[in-house]
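Novice: Per Swiss-Prot, the feature topological domain 'Extracellular' maps to 1-30, 95-104, 168-191, 265-286. Annotation source Swiss-Prot lists N-linked glycosylation site at N7. Here Swiss-Prot flags 31-56, 77-94, 105-126, 149-167, 192-214, 241-264, 287-311 as transmembrane segment, drawing on sequence analysis. Taken from Swiss-Prot, the feature topological domain 'Cytoplasmic' covers 57-76, 127-148, 215-240, 312-360, and the record attributes it to sequence analysis. Per Swiss-Prot, the feature 7alpha,25-dihydroxycholesterol binding site maps to R86, Y111, Y115, Y259; the stated evidence is similarity to another entry. Per Swiss-Prot, the feature disulfide bond maps to C103-C180; the stated evidence is sequence analysis. Taken from Swiss-Prot, the feature region 'Interaction with G proteins' covers 125-133, and the record attributes it to similarity to another entry. If you look up Swiss-Prot, you'll see S327 marked as phosphoserine, on the strength of similarity to another entry. Per Swiss-Prot, region 'Disordered' is recorded for 339-360. Marked as compositional bias 'Polar residues' by Swiss-Prot: 347-360.
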Amino acid sequence: MDIKMDNFTTPSAASLESDCDLYAHHHTARILMPLHYSIVFIIGLVGNLLALIVIIQNRKKINSTTLYSTNLVISDILFTTALPTRIAYYALGFDWRIGDALCRITALVFYINTYAGVNFMTCLSIDRFFAVVHPLRYNKIKRIEHAKCICIFVWILVFGQTLPLLINPMSKQEAERTTCMEYPNFEETKSLPWILLGACFIGYVLPLVIILICYSQICCKLFKTAKQNPLTEKSGVNKKALNTIIFIIVVFVVCFTPYHVAIIQHMIKKLRLPGLLECSQRHSFQISLHFTVCLMNFNCCMDPFIYFFACKGYKRKVMKMLKRQVSVSISSAVRSAPEENSREMTETQMMIHSKSLNGK
């Protein structure tokens with residue numbers, strides 16, 4: 001396969017390919033990217049574990065919204081477990097030293113988190129749409145039964161889309177490094193622009209349209225309810241719901257839009273200019289990918305905040321857990337203080353007694 005590709009590669013293109021360093025920014029990236037992903041790892045893991053603990057403690061009160069949220073939390077936790085290897089990779093200047101098998105697994109976890117997260121956020125918006133706009137069409141029991149089937153379907157769909165990553169090599173030996181899960185590693189894939197454009201439409205554009213339609217309908221319903229019943233507006237329930245909706249949409253757009261826009265515009269450029277793009281264009285795209293992927297991965301840190309502000313029970317439980325932890329720390333400190341003073345007094349008395357014996 002390599003021989004055939006070499007036959008179709010002109011000498012000028014080959015020299016351009018070899019002279020183009022797409023990782024020239026590694027000196028800056030090896031500082032900023034590990035720092036960013038370390039923050040994502042800590043906040044994402046702690047926040048999502050807290051959310052999972054609260055959900056497990058309230059499993060008897062589970063509903064369709066909680067079910068989708070649980071799967072979203074599991075997806076985020078799964079992603080954070082793969083971050084230490086990525087942090088090491090970026091800290092070494094885009095050099096993967098632990099084999100292609102682990103590289104493939106990391107890539108699998110990354111894409112599972114990305115598109116499982118998008119799908120479950122879409123499911124949440126549809127679920128809220130039926131709960132608020134059409135509450136009589138599906139009762140609570142039916143929504144839970146459907147939610148279980150939908151969650152299973154989403155995981156099967158995402159695994160089906162990402163499992164081919166385990167078949168294809170994800171790492172590539174460069175002159176100075178071994179890269180992992182980088183775009184140039186599979187740039188020669190046949191019909192890649194069309195594959196990525198299709199993935200962007202199914203994995204981003206379609207979910208975004210569904211989310212915007214669902215939440216806009218929910219907002220209209222809330223405004224209509226507020227006009228019919230002024231007490232709901234005075235209670236502040238509608239305002240809180242609207243603020244939560246705005247927050248969810250902003251998080252989705254800010255985290256996922258830049259990455260998919262970067263992919264779409266570069267793939268369109270490749271289709272319009274089938275030949276090898278200039279090195280500066282390719283390098284700019286590579287930098288934009290690293291930046292937008294960092295932004296997209298930050299989404300797993302924002303999900304716990306959505307639960308915190310949107311779910312009254314979750315907020316109350318978290319605050320209760322934190323208060324309990326603080327009270328335990330204070331009580332242990334108070335208990336240890338007299339013990340410390342008593343121990344110091346005993347040691348002082350022993351020293352005095354020892355000196356008096358020596359004096360004799």
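Any Cβ shown, glycine's included, is placed from N, Cα and C.
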Novice: To the nearest whole angstrom, what is the C-alpha distance linking R86 (7alpha,25-dihydroxycholesterol binding site) and C180 (disulfide bond)?
Specialist: 9
Novice: Could you tell me the maximum Cα-Cα distance in Å between the residues recorded as binding 7alpha,25-dihydroxycholesterol, namely R86, Y111, Y115, Y259, rounded to a whole number?
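Specialist: Of all Cα pairs among the recorded 7alpha,25-dihydroxycholesterol binders, the widest measures 19 Å.
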Novice: Averaged over the topological domain 'Cytoplasmic' (57-76), what pLDDT does the prediction give?
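Specialist: 85, rounded to a whole number.
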Novice: Rank the recorded positions R86, C103, Y111 by the number of other Cβ atoms within 10 Å of each Cβ, and give the residue at the low end.
Specialist: Y111
Novice: Using a Cβ cut-off of under 8 Å, list the residues of the same chain at least 6 residues beyond the transmembrane segment (31-56) that approach it.
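Specialist: For the transmembrane segment (31-56), the nonlocal Cβ contacts are 62, 66, 69-70, 73-74, 76-77, 79-80, 83-84, 86-88, 90-91, 290, 294, 297-298, 300-301, 303-305, 307, 313-314, 317-318, 321.
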Novice: Sorry to bug you, but what's the C-alpha spacing from Y115 (7alpha,25-dihydroxycholesterol binding site) to C180 (disulfide bond), rounded to the closest Å?
Specialist: 20
Novice: Which residues of the chain, 6 or more past the ends of the transmembrane segment (241-264), have a CB below 8 A from one of its CBs?
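Specialist: Cβ under 8 Å, 6 or more out: 118, 121, 125, 196-197, 200, 203-205, 208, 211-212, 215, 218-219, 222, 285, 288-289, 291-293, 295-296, 298-299, 302, 305-306, 309-310.
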Novice: Using C-alpha atoms only, work out the spacing between C103 (disulfide bond) and Y259 (7alpha,25-dihydroxycholesterol binding site) and round it to an integer in Å.
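Specialist: About 21 Å separates the two Cα atoms.
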